[in-house]
């Protein structure tokens, strides 16, 4: 276990170095001078030289990259290009709790709605409930997240106009606060955010449950006269959940990809929006930092899912 | 040296045996031919001389069997029909639509022929946000542009990006995947590391970064490329490139896995024993057997690609006005969601239909090629 963890941590470092390098080299080779772009009409040669020096952009690329890595190792993301005395972390720090909150509740929706629906479908396989569930899941899974988000918004607006209610269609409350005023705008985005993962887990839970129900030990349990409820919830369900743990990583990947659209469409001030804005502003230090944060999120998510896997299934040994 | 001398004639013989009119050849031909097919093919009936008789007696080829299964899958066939319809509309719709309608006396622009007001970029500013009419079949958007014309152009953009991405995806994925699976070694290691990296790197974020950082420059540099009119072709190519870079490692992984399995099969061993070179084994025996997985994976991936392009354009980093794309239309219409929901529903619905059609066709193809994968 320890050996596995060390190995994965080394892998994590490798991935982060690779990702920062790709991001760095893209910014380095990009046409146009970032400082000059930020200065716009206020261009002044001496200020430009001074700023270039201050940001270390006058150094050769390998030195720039090395400095970046050294700073990163001290958890220092550097100074923004656009807001010239704000550290990058200062820009990101308000977005992180928002995105984490969104991801947390999104994952809860996926697991707590998706898995029971999938199990139900498996138990009632080929009934109308199953057909309906799987039809809905298939369509939700295939649709892009932003299409679902927009359809949800159209419906909110339509209901508001019909009933005179004023359900918010694009805003966000204070992170991790759950008064009604803070909670109300969060409900729909979280449901939409979890939708793709919901469909994924529902379909997968159905498949794994069906497979488990065909196993010999389920037949044995039935043969010795256990009640169906005990067979399903005690014998089958626990084994059906094991493969679901392994795909937590995939689910987290889906969540990260969804961040950009959900935050953009519902006007949520999270990492996705900040990242997008920094790309538009060509604010490279902020771009780098968001890329690193999101990638670390994906990798750590995968790591957690691997560790959980060994806990729920002791037969698995990680080498 | 003497080994070589032994091997060559047999290989040359093998070559001639594969020819279709070699029906009455001695057993080795039959063996070789059997080996070349998919491993699960049932033994074929002995050659009876006449071609028709042979055709009848033979078990249907796996490909034909798969196509038969696909034809019976109603959802996949409806999807296929829908895709063909969309492709036809995207390619032939605009020229036909631009010939329909008489000259319109615009208070703003003077007389405007149909070929102009039915184009995707013409703005008739005093006719904003109209509903469907005889002149504008699907109405106009917030700048008085024809929604149907923009829609067809957007579909064309989706199709072109999907085609470009899949070409890169298949070519790169196939080459790298086969090399990694067949030879292993450092190519395999490199591929494994690279795919790890790309899986941790959110693909969409990569595409956003690439288009955001290089986009403005590419638009200027490649603006003159005549692909589909004044559409910001540089951006289009860039989006395709960015999406292609993020998708091919997955294809390479599929191909590698399948190649590893195939490599251990007896017919490959037979081919190797009979002296086929690695190159010949790869091209004649491995790649034909990879086709089903490549077709299924790339069809399923087309959905993601179309979503990707629309998403990047929606975020304002893809196709730029006056060009059109489904994603751009959606983002243009977003501010008017309260007053003119029609404008956002049209491109959203079309996008949803295209994406669903490709997903369902991909699912159908997968079930048809590999019936065991069905649950």
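Using the three backbone atoms N, Cα and C, a Cβ is placed for every residue, glycine included.
No curator has checked TrEMBL annotations; they are predicted automatically.
Per TrEMBL, domain 'ABC transmembrane type-1' is recorded for A:96-305.
Counting residues 6+ beyond its ends, the transmembrane segment (A:9-30) has Cβ neighbours under 8 Å at 61, 64-65, 68-69, 72, 282, 284, 287-288, 291-292, 295-296, 299-300, 303 in the same chain. The annotation transmembrane segment is assigned in TrEMBL to A:9-30 (among others).
Look at TrEMBL and you will find A:102-123 (among others) tagged as transmembrane segment.
Beyond the transmembrane segment (A:135-159), the same-chain residues lying 6 or more positions past its ends with a Cβ under 8 Å from any Cβ of the stretch are 117, 165, 167, 169-170, 188-189, 191-193, 195-196, 198-200, 202-203, 257-258, 261-262, 265-266. Residues or ranges marked as transmembrane segment by TrEMBL: A:135-159 (among others).
TrEMBL lists A:187-205 (among others) with the feature transmembrane segment.
The transmembrane segment annotation in TrEMBL covers A:241-266 (among others).
Residues annotated as transmembrane segment in TrEMBL: A:286-312 (among others). If you look at the transmembrane segment (A:286-312), the same-chain residues 6 or more away from its ends with a CB under 8 A from one of its CBs are 1, 4-5, 8, 11-12, 15-16, 19-20, 23-24, 27, 68, 72, 77-78, 80-82, 88-89, 91-92, 96, 103, 241-242, 245-249, 252-253, 256, 259, 271, 274-275, 278-279, 318.
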